[in-house]
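Novice: Structure provided below as structure tokens; questions to follow.
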Amino acid sequence: GLPTCGETCFKGKCYTPGCSCSYPICKKN
């Protein structure tokens, strides 16, 4: 399935494809 956003941002970056940092949590683009 598609990766799920929601990890904590690390130095302003998200490592899950299609996610962006909405500090402090990654959100779907």
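Cβ coordinates are placed from backbone N, Cα and C, and glycine is handled just like the others.
So Swiss-Prot says this about it:
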type	residues	note
DISULFID	CYS5-CYS19	disulfide bond
DISULFID	CYS9-CYS21	disulfide bond
DISULFID	CYS14-CYS26	disulfide bond
Novice: According to DSSP, does CYS26 (disulfide bond) sit in a helix, a strand, or coil?
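Specialist: Its secondary structure by DSSP: strand.
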Novice: Per 10 Å Cβ neighbour count, which of the disulfide-bonded residues CYS21, CYS26 ranks highest?
Specialist: CYS26
